[in-house]
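First comes the structure, then the notes that go with it.
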Amino acid sequence: MKISLLISVLISFVLVAYAANFNQDIAVTWGDGRGKILENGQLLTLTLDKFSGSGFQSKNEYLFGKIDMNIKLVPGNSAGTVTTYYLRSQGTTWDEIDFEFLGNLSGDPYTVHTNVYCGGKGDREQQFRLWFDPTKDFHTYSLLWNPQRIIFSVDGTPIREFKNMESMGVPFPKSQAMRVYSSLWNADDWATRGGLIKTDWSQAPFTASYRNYKADACVWSFGKSSCSSNSPSRNSWLSQELDIGSQQRLRWVQKNYMIYNYCADTKRFLQGLPKECTAR
């Protein structure tokens, strides 16, 4: 009995040691107390009221990684609010990989806005609806970023892939380390139906909730990466690509749930579509 009890304790310790803990991994950076870490580091909430939103960032910087976060979005009438979850580097020529969740009138679907910036330039938006209500429960939103591609996924289903096409002269973020950020803020000048629907402050405070942050990533510190070229098997995501099944799911999402694709917006790009669009 003593041996089995010891084994049980050791197993529990290992699970706790490797469990995501917001106290260890995340810093709430703004909001004057509106961002809270709860349940011994297992839950994080961001709140928006008429005076301020709130936000957090990862304590580590990463140069490539697979980042997972369970998020439960603001329920009810969330029109005018934006919940963001993204990777971003510093400086005026920053790189960035975006998830933005645009609020809605109660009963209407959220808009999932995605974008990729390189050298401070974005304009690569794709927008989607979701095939479930993201306010009822937690769902996993993932960003896979390796030297060959960026993959946006929801509950393991890819919704977007942005490939490295530097050979065609298309910039790709691969040299600037990025932190994970998230925020909840008021953007009723544009977020819901182009700003036609304003935030109803009688519904405030608005709250988004987070669990199970996981960064399977190369930590960048003092100009060096924590990933070793001698052990690529430990970082299989560094060469991960979409298999046939994942490609089929991606096409299913883009056929049924994509509502905007910059690569199809010929009115916006009067001089011709971006190079990566014509290569598809």
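Quick reminder: no glycine exception, Cβ is built from N, Cα and C everywhere.
Fair warning: this is a prediction, and the values are worked out from it, not measured in the lab.
Copied over from TrEMBL:
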- Glu96: active site, nucleophile (ACT_SITE)
- Glu100: active site, proton donor (ACT_SITE)
- 16-210: domain 'GH16' (DOMAIN)
- Asn104: N-linked glycosylation site (CARBOHYD)
- 1-19: signal peptide (SIGNAL)
Count of other CB atoms lying within 10 Å of the CB belonging to Asn104 (N-linked glycosylation site): 23
Set of same-chain residues at least 6 away whose C-beta sits under 8 angstroms from the residue listed as 'active site, nucleophile': Tyr86, Leu87, Arg88, Ser89, Asn115, Val116, Tyr117, Gly122, Pro173, Met178
Averaged pLDDT, computed only over the residues in the domain 'GH16' (16-210): 95
Glu100 (active site, proton donor): tally of other CB atoms within 10 A of its CB: 19
